[in-house]
Ligand SMILES: N[C@@H](CCC(=O)N[C@@H](CS)C(=O)NCC(=O)O)C(=O)O
């Protein structure tokens, strides 16, 4: 693993690291914030999955999460949103290919060899982080924005390793919309049954979720038609799931919205991580 940078931040350290990934078959870059407490003992970690067009850097520099993570003694992990590089498949569209991995393991050509973000985020990167830093494997929670909100919700519904899940303006029902259908067709193929486990609304309806759930979406989100927030809320209600689902008046899809409510999300996760 290569250290790209390490900077003192709210008494802890904001680092950026690069490593060779088995899951993606490429080099991958990630950000990791460690609070001061990590100097003495392993700390819990909150994963932050970013959205379309993002790298590991967007949430790391724009969400303002470190101040709240430092307050609660929680590490923050910022993975990239896809494999990258010259030998990696791509597409001219901003919402397909590099920067748009959708947190699935692609089964179709030309994506299949590298686009394995589900395995990378749920399995490989947690091991790398817990083996190399003072981070407690037993205490992980997950959040994300937009495509990363979709990732946070669906990963939490597929693997049992998270104590709580939250999302900012998540893509809630990707199998029904344009942020989902084209990408799942490309990455997973035309058999839509293989898409279901990557759709938070369908998973909520069919499988449910046992951990605490918090979702915030801007009432003025310019991508509301892609997100289909109402479908997830209906599924939560059908399931009688205890959850906090909020529409924030006046807010749009940007990181100004994310940063405005990040304090609440970190506090929500801290309650689960320190229970
Ligand atoms: N139409 C936009 C869609 C992409 C977008 O809004 N991405 C969001 C997540 S879905 C984002 O986080 N962008 C990067 C940023 O704000 O730093 C574009 O073409 O860039």
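Using N, Cα and C of the backbone, Cβ positions are placed for all residues, glycine too.
Going by TrEMBL, these are the annotated features:
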| type | residues | note |
| --- | --- | --- |
| ACT_SITE | 146 | active site, charge relay system |
| ACT_SITE | 221 | active site, charge relay system |
| ACT_SITE | 253 | active site, charge relay system |
C-beta crowding around residue 253 (active site, charge relay system), within 10 angstroms: 21
DSSP-derived structure type at residue 253 (active site, charge relay system), helix or strand or else coil: coil
